[in-house]
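Asks: Here it is: the structure, laid out below.
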Amino acid sequence: SLVFQAVFNLLIPDHAADAFSPPRLGAPGAWDALLERLLGGLARWDGEHFLFIAEHGYLLEHNCAFLPLFPLSLRLVAALLPLPLRPRSRLLLSAALLNALLAALAAVALLGLGRAVLRDRRQAFLAALLFSLSPAGVFLAAAYSESAFACLAFGAMWRLEKGQDCLSGLLFSLAAAARANGLVNAGFVLYSRARRFALQLQGGSAPLLWKQLLSLASSAALMCAGIFLPFVLFQYYAYVRFCSPGTGLAQSVPKPLLQLARDKGYRVAGTAGAEPPWCSQRFPVVYSYIQDTYWNVGFLRYFELRQIPNFLLALPVTLLCSWAAWTYVSTNPRHCLTLGLERRKTEERGKARDGFCGPAVFVYVVHSTALLLFGFSCMHVQVLTRFLGSSSPILYWFPAYLLQEHEPLLQSTRTDNPKSGKPLLGKSACSCGKGTSDNPVVRLLLNWRSLTPLSKSILGFFLGYWLLGLILHCNFFPWT
(Lines of atoms letter the chains of each structure in order from A and count residues from 1; the text may use other names and numbers.)
(Lines give C-alpha, C1' and ligand atoms only; values in the text may rest on other atoms or scores of the structure.)
Protein backbone atom coordinates (compact mmCIF):
# COMPACT_ATOMS: atom_id res chain seq x y z
CA SER A 1 0.00 0.00 0.00
CA LEU A 2 2.77 2.44 0.91
CA VAL A 3 4.65 1.77 -2.33
CA PHE A 4 1.58 2.03 -4.55
CA GLN A 5 0.33 5.24 -2.95
CA ALA A 6 3.74 6.84 -3.48
CA VAL A 7 3.83 5.80 -7.14
CA PHE A 8 0.27 6.95 -7.84
CA ASN A 9 0.82 10.19 -5.98
CA LEU A 10 3.89 10.94 -8.12
CA LEU A 11 2.26 9.99 -11.44
CA ILE A 12 -1.23 11.50 -11.02
CA PRO A 13 -1.81 15.22 -10.36
CA ASP A 14 -3.81 16.01 -7.24
CA HIS A 15 -7.45 16.95 -7.70
CA ALA A 16 -8.36 20.48 -6.59
CA ALA A 17 -10.71 19.39 -3.82
CA ASP A 18 -12.62 21.72 -1.54
CA ALA A 19 -11.20 20.10 1.59
CA PHE A 20 -9.55 21.23 4.81
CA SER A 21 -6.04 22.32 3.82
CA PRO A 22 -4.21 24.31 6.50
CA PRO A 23 -1.09 26.30 5.58
CA ARG A 24 2.27 24.65 6.19
CA LEU A 25 4.25 26.50 8.83
CA GLY A 26 8.02 26.82 8.57
CA ALA A 27 10.32 26.50 5.59
CA PRO A 28 10.56 22.88 4.38
CA GLY A 29 13.98 21.30 4.15
CA ALA A 30 15.14 18.75 1.60
CA TRP A 31 14.06 15.84 3.81
CA ASP A 32 10.63 17.40 4.35
CA ALA A 33 10.11 17.72 0.58
CA LEU A 34 11.21 14.12 0.00
CA LEU A 35 8.93 12.78 2.73
CA GLU A 36 5.99 14.76 1.36
CA ARG A 37 6.52 13.26 -2.08
CA LEU A 38 6.79 9.72 -0.70
CA LEU A 39 4.05 9.80 1.96
CA GLY A 40 1.97 12.85 1.05
CA GLY A 41 -0.83 10.62 -0.27
CA LEU A 42 -1.51 9.48 3.29
CA ALA A 43 -2.44 12.99 4.42
CA ARG A 44 -5.55 13.58 2.32
CA TRP A 45 -9.07 14.53 3.43
CA ASP A 46 -9.53 13.66 7.13
CA GLY A 47 -5.82 12.89 7.39
CA GLU A 48 -5.23 16.66 7.31
CA HIS A 49 -7.43 17.03 10.38
CA PHE A 50 -5.61 14.35 12.35
CA LEU A 51 -2.18 15.79 11.52
CA PHE A 52 -3.37 19.32 12.30
CA ILE A 53 -4.76 18.25 15.68
CA ALA A 54 -1.59 16.35 16.53
CA GLU A 55 0.49 19.47 15.73
CA HIS A 56 -1.70 22.30 17.05
CA GLY A 57 -4.27 20.67 19.33
CA TYR A 58 -8.00 21.28 19.08
CA LEU A 59 -7.64 24.81 17.83
CA LEU A 60 -10.66 24.89 15.49
CA GLU A 61 -14.18 23.89 16.49
CA HIS A 62 -14.79 21.44 13.65
CA ASN A 63 -11.63 19.53 14.61
CA CYS A 64 -13.63 18.19 17.57
CA ALA A 65 -15.35 15.71 15.24
CA PHE A 66 -12.14 13.66 15.50
CA LEU A 67 -11.52 11.98 18.84
CA PRO A 68 -8.15 12.39 20.54
CA LEU A 69 -6.57 8.94 20.88
CA PHE A 70 -5.02 8.77 17.40
CA PRO A 71 -3.66 12.38 17.35
CA LEU A 72 -2.16 11.86 20.81
CA SER A 73 -0.53 8.64 19.61
CA LEU A 74 0.92 10.46 16.60
CA ARG A 75 2.36 13.18 18.82
CA LEU A 76 3.93 10.57 21.12
CA VAL A 77 5.53 8.61 18.27
CA ALA A 78 6.74 11.84 16.60
CA ALA A 79 8.45 12.88 19.83
CA LEU A 80 10.43 9.63 19.71
CA LEU A 81 11.74 10.33 16.18
CA PRO A 82 14.93 12.41 16.51
CA LEU A 83 14.91 13.44 12.85
CA PRO A 84 15.73 16.84 11.27
CA LEU A 85 12.16 17.35 10.07
CA ARG A 86 9.54 19.99 10.73
CA PRO A 87 6.69 18.88 13.05
CA ARG A 88 4.20 18.01 10.31
CA SER A 89 6.69 15.81 8.49
CA ARG A 90 7.52 13.91 11.68
CA LEU A 91 3.80 13.41 12.31
CA LEU A 92 3.25 12.17 8.76
CA LEU A 93 6.07 9.64 9.10
CA SER A 94 4.69 8.63 12.51
CA ALA A 95 1.28 8.00 10.95
CA ALA A 96 2.75 5.71 8.28
CA LEU A 97 4.81 3.72 10.80
CA LEU A 98 2.12 3.54 13.47
CA ASN A 99 -0.68 2.45 11.12
CA ALA A 100 1.53 -0.17 9.49
CA LEU A 101 2.02 -1.71 12.93
CA LEU A 102 -1.61 -1.29 14.03
CA ALA A 103 -3.01 -2.79 10.83
CA ALA A 104 -0.83 -5.88 11.30
CA LEU A 105 -1.92 -6.17 14.95
CA ALA A 106 -5.56 -5.78 13.87
CA ALA A 107 -5.13 -8.73 11.49
CA VAL A 108 -3.65 -10.79 14.35
CA ALA A 109 -6.56 -9.82 16.62
CA LEU A 110 -9.07 -10.72 13.90
CA LEU A 111 -7.37 -14.10 13.47
CA GLY A 112 -7.61 -14.80 17.20
CA LEU A 113 -11.21 -13.60 17.33
CA GLY A 114 -12.11 -15.75 14.33
CA ARG A 115 -10.61 -18.86 15.91
CA ALA A 116 -12.53 -18.22 19.14
CA VAL A 117 -15.89 -17.47 17.51
CA LEU A 118 -15.90 -19.45 14.28
CA ARG A 119 -14.03 -22.45 15.71
CA ASP A 120 -12.76 -23.04 12.18
CA ARG A 121 -9.06 -22.26 11.88
CA ARG A 122 -9.03 -22.27 8.07
CA GLN A 123 -11.96 -19.87 7.83
CA ALA A 124 -10.47 -17.59 10.49
CA PHE A 125 -7.11 -17.58 8.66
CA LEU A 126 -8.73 -16.78 5.32
CA ALA A 127 -10.70 -13.91 6.92
CA ALA A 128 -7.51 -12.43 8.38
CA LEU A 129 -5.89 -12.59 4.93
CA LEU A 130 -8.90 -10.82 3.42
CA PHE A 131 -8.52 -8.09 6.04
CA SER A 132 -4.98 -7.56 4.73
CA LEU A 133 -6.59 -6.81 1.34
CA SER A 134 -9.46 -4.86 2.86
CA PRO A 135 -11.55 -2.69 0.52
CA ALA A 136 -10.90 -0.02 3.15
CA GLY A 137 -7.15 -0.68 2.87
CA VAL A 138 -6.13 2.87 1.98
CA PHE A 139 -7.63 4.14 5.23
CA LEU A 140 -5.78 1.50 7.24
CA ALA A 141 -2.53 2.93 5.84
CA ALA A 142 -3.39 6.65 5.71
CA ALA A 143 -3.30 9.12 8.60
CA TYR A 144 -6.74 7.98 9.75
CA SER A 145 -7.86 6.33 12.99
CA GLU A 146 -9.26 3.21 11.27
CA SER A 147 -6.24 0.98 12.01
CA ALA A 148 -6.15 2.00 15.66
CA PHE A 149 -9.87 1.41 16.03
CA ALA A 150 -9.81 -1.97 14.26
CA CYS A 151 -6.88 -3.14 16.37
CA LEU A 152 -8.53 -2.10 19.64
CA ALA A 153 -12.07 -3.22 18.76
CA PHE A 154 -11.11 -6.64 17.38
CA GLY A 155 -8.72 -7.12 20.29
CA ALA A 156 -11.43 -6.24 22.80
CA MET A 157 -13.91 -8.64 21.18
CA TRP A 158 -11.27 -11.38 21.24
CA ARG A 159 -10.47 -10.83 24.92
CA LEU A 160 -14.20 -10.80 25.75
CA GLU A 161 -14.63 -14.16 24.00
CA LYS A 162 -11.73 -15.51 26.08
CA GLY A 163 -13.38 -14.34 29.31
CA GLN A 164 -10.80 -11.61 30.06
CA ASP A 165 -13.36 -8.98 31.03
CA CYS A 166 -11.02 -6.35 32.50
CA LEU A 167 -8.66 -6.28 29.52
CA SER A 168 -11.62 -6.34 27.15
CA GLY A 169 -13.20 -3.37 28.92
CA LEU A 170 -9.96 -1.39 28.74
CA LEU A 171 -9.57 -2.04 25.01
CA PHE A 172 -13.22 -1.16 24.32
CA SER A 173 -12.71 2.08 26.26
CA LEU A 174 -9.62 2.98 24.22
CA ALA A 175 -11.53 2.16 21.01
CA ALA A 176 -14.23 4.64 22.07
CA ALA A 177 -11.48 7.24 22.47
CA ALA A 178 -10.47 6.64 18.85
CA ARG A 179 -13.85 6.68 17.08
CA ALA A 180 -17.35 7.60 18.24
CA ASN A 181 -18.90 4.38 16.93
CA GLY A 182 -16.86 2.62 19.60
CA LEU A 183 -19.73 3.47 21.95
CA VAL A 184 -21.84 0.85 20.15
CA ASN A 185 -19.42 -1.82 21.39
CA ALA A 186 -21.01 -1.54 24.81
CA GLY A 187 -23.64 -3.83 23.30
CA PHE A 188 -21.13 -6.70 23.29
CA VAL A 189 -20.64 -6.31 27.03
CA LEU A 190 -24.37 -6.17 27.74
CA TYR A 191 -25.07 -9.18 25.51
CA SER A 192 -22.26 -11.17 27.09
CA ARG A 193 -23.71 -10.60 30.55
CA ALA A 194 -27.28 -11.30 29.42
CA ARG A 195 -26.25 -14.56 27.76
CA ARG A 196 -24.23 -15.64 30.78
CA PHE A 197 -27.22 -15.01 33.05
CA ALA A 198 -29.65 -16.79 30.68
CA LEU A 199 -27.41 -19.87 30.52
CA GLN A 200 -27.09 -19.93 34.30
CA LEU A 201 -30.87 -19.89 34.58
CA GLN A 202 -31.15 -22.79 32.17
CA GLY A 203 -28.48 -24.57 34.19
CA GLY A 204 -30.80 -24.67 37.20
CA SER A 205 -29.00 -22.27 39.56
CA ALA A 206 -32.20 -20.44 40.62
CA PRO A 207 -31.48 -20.27 44.40
CA LEU A 208 -28.69 -17.76 43.82
CA LEU A 209 -30.59 -15.85 41.15
CA TRP A 210 -30.56 -12.44 42.76
CA LYS A 211 -26.85 -12.58 43.62
CA GLN A 212 -25.93 -13.59 40.09
CA LEU A 213 -28.16 -10.90 38.59
CA LEU A 214 -26.69 -8.22 40.86
CA SER A 215 -23.12 -9.28 40.11
CA LEU A 216 -23.60 -9.40 36.35
CA ALA A 217 -25.56 -6.12 36.27
CA SER A 218 -22.97 -4.24 38.32
CA SER A 219 -20.03 -5.50 36.26
CA ALA A 220 -21.86 -4.66 33.02
CA ALA A 221 -22.66 -1.16 34.29
CA LEU A 222 -19.03 -0.54 35.26
CA MET A 223 -17.69 -1.74 31.92
CA CYS A 224 -20.22 0.31 29.96
CA ALA A 225 -19.39 3.38 32.06
CA GLY A 226 -15.73 2.83 31.25
CA ILE A 227 -16.52 2.62 27.53
CA PHE A 228 -18.51 5.87 27.58
CA LEU A 229 -16.06 7.74 29.83
CA PRO A 230 -13.50 8.84 27.17
CA PHE A 231 -16.23 10.27 24.93
CA VAL A 232 -17.87 12.12 27.85
CA LEU A 233 -14.56 13.55 29.04
CA PHE A 234 -13.76 14.77 25.55
CA GLN A 235 -17.13 16.55 25.29
CA TYR A 236 -16.36 18.25 28.60
CA TYR A 237 -12.91 19.26 27.32
CA ALA A 238 -14.48 20.78 24.19
CA TYR A 239 -17.02 22.64 26.33
CA VAL A 240 -14.31 24.20 28.47
CA ARG A 241 -12.23 25.06 25.42
CA PHE A 242 -14.93 26.62 23.23
CA CYS A 243 -17.72 27.68 25.60
CA SER A 244 -15.68 29.50 28.25
CA PRO A 245 -15.12 33.26 27.94
CA GLY A 246 -12.22 34.39 25.76
CA THR A 247 -8.91 33.27 27.25
CA GLY A 248 -6.61 35.10 24.86
CA LEU A 249 -5.53 31.81 23.30
CA ALA A 250 -5.85 33.33 19.84
CA GLN A 251 -2.94 35.65 20.59
CA SER A 252 -0.58 32.66 20.55
CA VAL A 253 -2.00 31.20 17.32
CA PRO A 254 0.17 31.71 14.24
CA LYS A 255 -1.18 34.41 11.94
CA PRO A 256 -1.57 32.10 8.89
CA LEU A 257 -3.91 29.87 10.91
CA LEU A 258 -5.93 32.85 12.14
CA GLN A 259 -6.22 34.06 8.56
CA LEU A 260 -7.43 30.60 7.50
CA ALA A 261 -10.07 30.71 10.24
CA ARG A 262 -11.27 34.14 9.11
CA ASP A 263 -11.38 33.15 5.45
CA LYS A 264 -13.28 29.91 6.05
CA GLY A 265 -15.42 31.03 8.98
CA TYR A 266 -13.88 28.54 11.43
CA ARG A 267 -14.44 29.15 15.13
CA VAL A 268 -11.13 29.37 17.04
CA ALA A 269 -10.83 28.14 20.62
CA GLY A 270 -10.42 30.73 23.39
CA THR A 271 -11.56 33.75 21.38
CA ALA A 272 -14.15 36.25 22.49
CA GLY A 273 -17.39 36.43 20.59
CA ALA A 274 -20.79 34.83 20.35
CA GLU A 275 -21.12 31.56 22.22
CA PRO A 276 -21.52 28.51 19.94
CA PRO A 277 -25.16 27.29 19.83
CA TRP A 278 -24.33 23.85 21.20
CA CYS A 279 -22.94 25.37 24.42
CA SER A 280 -26.44 26.32 25.60
CA GLN A 281 -27.92 22.88 25.10
CA ARG A 282 -28.97 20.88 28.15
CA PHE A 283 -26.39 18.24 27.26
CA PRO A 284 -23.77 20.11 25.21
CA VAL A 285 -22.34 17.58 22.77
CA VAL A 286 -20.00 19.17 20.26
CA TYR A 287 -19.66 15.97 18.22
CA SER A 288 -23.30 15.82 17.07
CA TYR A 289 -23.37 19.58 16.50
CA ILE A 290 -20.37 19.43 14.17
CA GLN A 291 -21.75 16.47 12.24
CA ASP A 292 -25.01 18.36 11.77
CA THR A 293 -23.66 21.84 11.04
CA TYR A 294 -20.43 21.27 9.16
CA TRP A 295 -21.17 18.03 7.31
CA ASN A 296 -24.98 17.94 7.17
CA VAL A 297 -25.14 14.47 8.71
CA GLY A 298 -28.64 13.42 9.71
CA PHE A 299 -31.45 10.96 9.13
CA LEU A 300 -32.14 10.50 5.38
CA ARG A 301 -30.40 13.79 4.52
CA TYR A 302 -28.22 12.05 1.97
CA PHE A 303 -31.16 10.66 0.01
CA GLU A 304 -30.86 12.98 -2.99
CA LEU A 305 -30.63 12.28 -6.70
CA ARG A 306 -27.17 13.85 -6.94
CA GLN A 307 -25.88 11.34 -4.36
CA ILE A 308 -26.67 8.31 -6.53
CA PRO A 309 -22.97 7.80 -7.42
CA ASN A 310 -22.13 7.62 -3.72
CA PHE A 311 -24.90 5.08 -3.13
CA LEU A 312 -23.47 3.00 -5.98
CA LEU A 313 -20.06 3.25 -4.35
CA ALA A 314 -21.52 1.84 -1.14
CA LEU A 315 -23.59 -0.81 -2.93
CA PRO A 316 -21.08 -3.73 -2.76
CA VAL A 317 -20.54 -3.53 1.00
CA THR A 318 -24.27 -2.97 1.54
CA LEU A 319 -25.18 -6.09 -0.47
CA LEU A 320 -22.44 -8.16 1.18
CA CYS A 321 -23.46 -7.33 4.75
CA SER A 322 -27.17 -7.67 3.94
CA TRP A 323 -26.51 -11.07 2.39
CA ALA A 324 -24.52 -12.07 5.46
CA ALA A 325 -27.42 -11.17 7.76
CA TRP A 326 -29.96 -13.00 5.58
CA THR A 327 -27.78 -16.11 5.37
CA TYR A 328 -27.33 -16.26 9.11
CA VAL A 329 -30.98 -15.62 9.97
CA SER A 330 -32.30 -18.10 7.40
CA THR A 331 -29.88 -20.75 8.65
CA ASN A 332 -30.61 -20.16 12.35
CA PRO A 333 -34.20 -18.82 12.61
CA ARG A 334 -34.90 -20.19 16.09
CA HIS A 335 -31.55 -19.08 17.42
CA CYS A 336 -32.21 -15.55 16.16
CA LEU A 337 -35.77 -15.44 17.50
CA THR A 338 -34.49 -16.36 20.97
CA LEU A 339 -31.68 -13.78 20.58
CA GLY A 340 -29.13 -16.54 21.04
CA LEU A 341 -30.01 -16.81 24.74
CA GLU A 342 -31.38 -20.35 24.57
CA ARG A 343 -28.95 -23.21 24.94
CA ARG A 344 -29.40 -25.52 21.99
CA LYS A 345 -29.21 -29.28 22.22
CA THR A 346 -26.29 -29.33 19.81
CA GLU A 347 -24.38 -27.03 22.16
CA GLU A 348 -25.11 -29.27 25.15
CA ARG A 349 -23.72 -32.24 23.25
CA GLY A 350 -20.68 -30.27 22.13
CA LYS A 351 -21.75 -30.53 18.48
CA ALA A 352 -22.60 -26.93 17.72
CA ARG A 353 -22.15 -25.80 14.11
CA ASP A 354 -18.72 -24.36 13.37
CA GLY A 355 -17.92 -21.52 10.99
CA PHE A 356 -19.88 -18.43 10.02
CA CYS A 357 -23.30 -19.95 10.78
CA GLY A 358 -22.27 -21.02 14.28
CA PRO A 359 -24.20 -19.78 17.35
CA ALA A 360 -21.48 -17.45 18.62
CA VAL A 361 -21.63 -15.31 15.45
CA PHE A 362 -25.14 -14.03 16.24
CA VAL A 363 -24.12 -10.91 18.18
CA TYR A 364 -21.60 -9.93 15.48
CA VAL A 365 -24.28 -10.19 12.79
CA VAL A 366 -26.55 -7.95 14.87
CA HIS A 367 -23.69 -5.49 15.34
CA SER A 368 -22.83 -5.28 11.63
CA THR A 369 -26.51 -4.98 10.64
CA ALA A 370 -27.06 -2.16 13.12
CA LEU A 371 -24.01 -0.29 11.81
CA LEU A 372 -25.16 -0.87 8.23
CA LEU A 373 -28.67 0.48 8.87
CA PHE A 374 -27.36 3.50 10.78
CA GLY A 375 -24.69 4.29 8.22
CA PHE A 376 -27.03 3.87 5.26
CA SER A 377 -29.74 6.12 6.70
CA CYS A 378 -27.83 8.70 8.76
CA MET A 379 -24.29 9.08 7.39
CA HIS A 380 -22.58 10.03 4.16
CA VAL A 381 -23.26 6.68 2.60
CA GLN A 382 -19.96 6.36 0.72
CA VAL A 383 -18.07 5.98 4.02
CA LEU A 384 -19.86 2.69 4.71
CA THR A 385 -16.98 0.66 3.26
CA ARG A 386 -14.37 1.99 5.68
CA PHE A 387 -16.92 2.34 8.48
CA LEU A 388 -17.73 -1.37 8.40
CA GLY A 389 -14.27 -2.43 7.28
CA SER A 390 -12.69 -1.17 10.49
CA SER A 391 -15.54 -2.07 12.85
CA SER A 392 -17.13 -5.41 11.97
CA PRO A 393 -15.46 -8.81 11.49
CA ILE A 394 -18.52 -9.90 9.47
CA LEU A 395 -17.14 -8.10 6.42
CA TYR A 396 -14.29 -10.64 6.42
CA TRP A 397 -15.89 -13.72 7.99
CA PHE A 398 -18.75 -13.94 5.49
CA PRO A 399 -16.61 -13.70 2.32
CA ALA A 400 -14.23 -16.26 3.85
CA TYR A 401 -17.24 -18.53 4.45
CA LEU A 402 -18.47 -18.09 0.89
CA LEU A 403 -15.05 -18.82 -0.59
CA GLN A 404 -14.55 -21.87 1.58
CA GLU A 405 -18.02 -23.26 0.90
CA HIS A 406 -18.34 -22.55 -2.82
CA GLU A 407 -14.83 -22.43 -4.28
CA PRO A 408 -13.64 -25.90 -5.42
CA LEU A 409 -9.98 -24.84 -5.31
CA LEU A 410 -10.26 -24.31 -1.56
CA GLN A 411 -12.27 -27.46 -0.98
CA SER A 412 -9.74 -29.69 -2.73
CA THR A 413 -6.67 -30.82 -0.80
CA ARG A 414 -5.08 -32.36 -3.89
CA THR A 415 -2.39 -30.69 -5.98
CA ASP A 416 -4.44 -31.11 -9.15
CA ASN A 417 -7.03 -28.71 -10.39
CA PRO A 418 -10.36 -30.61 -10.27
CA LYS A 419 -11.66 -28.69 -13.29
CA SER A 420 -8.79 -28.83 -15.74
CA GLY A 421 -6.54 -31.54 -14.36
CA LYS A 422 -3.61 -29.10 -14.47
CA PRO A 423 -1.28 -28.60 -11.49
CA LEU A 424 -2.62 -26.12 -8.98
CA LEU A 425 -0.48 -22.97 -8.83
CA GLY A 426 0.55 -21.43 -5.54
CA LYS A 427 0.72 -24.70 -3.59
CA SER A 428 4.16 -26.09 -2.94
CA ALA A 429 4.91 -29.77 -2.59
CA CYS A 430 5.98 -29.34 1.02
CA SER A 431 2.59 -27.87 1.94
CA CYS A 432 0.54 -30.88 0.88
CA GLY A 433 -1.82 -31.84 3.65
CA LYS A 434 -1.05 -28.70 5.67
CA GLY A 435 -3.77 -26.15 5.15
CA THR A 436 -1.91 -23.32 6.90
CA SER A 437 1.41 -23.78 5.06
CA ASP A 438 0.34 -21.86 1.97
CA ASN A 439 -1.60 -18.69 1.36
CA PRO A 440 -5.10 -19.49 0.01
CA VAL A 441 -5.68 -15.96 -1.29
CA VAL A 442 -2.47 -16.06 -3.34
CA ARG A 443 -3.45 -19.52 -4.59
CA LEU A 444 -6.83 -18.20 -5.72
CA LEU A 445 -5.29 -15.24 -7.50
CA LEU A 446 -2.73 -17.39 -9.29
CA ASN A 447 -5.56 -19.64 -10.51
CA TRP A 448 -7.91 -16.78 -11.41
CA ARG A 449 -9.24 -18.33 -14.62
CA SER A 450 -10.39 -21.44 -12.75
CA LEU A 451 -12.37 -19.54 -10.11
CA THR A 452 -16.14 -19.52 -9.88
CA PRO A 453 -17.95 -16.23 -10.70
CA LEU A 454 -18.73 -15.81 -6.99
CA SER A 455 -15.06 -16.06 -6.01
CA LYS A 456 -14.09 -13.61 -8.75
CA SER A 457 -16.73 -11.15 -7.52
CA ILE A 458 -15.53 -11.31 -3.91
CA LEU A 459 -11.85 -10.99 -4.73
CA GLY A 460 -12.62 -8.38 -7.38
CA PHE A 461 -14.42 -6.25 -4.80
CA PHE A 462 -11.60 -6.51 -2.26
CA LEU A 463 -8.75 -5.95 -4.71
CA GLY A 464 -10.62 -3.39 -6.82
CA TYR A 465 -11.54 -1.15 -3.89
CA TRP A 466 -8.09 -1.59 -2.36
CA LEU A 467 -6.40 -0.43 -5.57
CA LEU A 468 -8.91 2.29 -6.49
CA GLY A 469 -8.64 3.68 -2.98
CA LEU A 470 -4.88 4.08 -3.35
CA ILE A 471 -5.30 5.77 -6.73
CA LEU A 472 -8.18 8.12 -5.91
CA HIS A 473 -7.91 8.92 -2.21
CA CYS A 474 -4.17 9.62 -2.34
CA ASN A 475 -4.75 12.22 -5.06
CA PHE A 476 -7.61 14.05 -3.35
CA PHE A 477 -10.32 12.50 -5.51
CA PRO A 478 -13.60 11.62 -3.73
CA TRP A 479 -13.64 8.08 -2.39
CA THR A 480 -15.27 6.06 0.39
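Using N, Cα and C of the backbone, Cβ positions are placed for all residues, glycine too.
According to TrEMBL, the record shows the following:
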- 91-113: transmembrane segment (TRANSMEM)
- 125-158: transmembrane segment (TRANSMEM)
- 170-192: transmembrane segment (TRANSMEM)
- 213-238: transmembrane segment (TRANSMEM)
- 311-331: transmembrane segment (TRANSMEM)
- 352-377: transmembrane segment (TRANSMEM)
- 458-479: transmembrane segment (TRANSMEM)
Asks: Same-chain Cβ contacts of the transmembrane segment (91-113) under 8 Å, 6 or more residues past its ends?
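Replies: Same-chain contacts beyond the ends: 2, 35-36, 39-40, 42-43, 47, 50-51, 54-55, 73-75, 77-78, 81, 83, 85, 124-125, 127-128, 131-132, 140-144, 147-148, 150-151, 154-155, 157-158, 161, 393, 396.
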Asks: Counting Cβ pairs under 8 Å to the transmembrane segment (170-192), which of 213-238, 311-331, 352-377, 458-479 comes out on top?
Replies: 213-238
Asks: Between the transmembrane segment (352-377) and the transmembrane segment (311-331), are there three or more CB pairs that fall under 8 A, provided the residues in each pair are separated by 6 or more in sequence?
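Replies: Checked: the transmembrane segment (311-331) vs the transmembrane segment (352-377), in contact.
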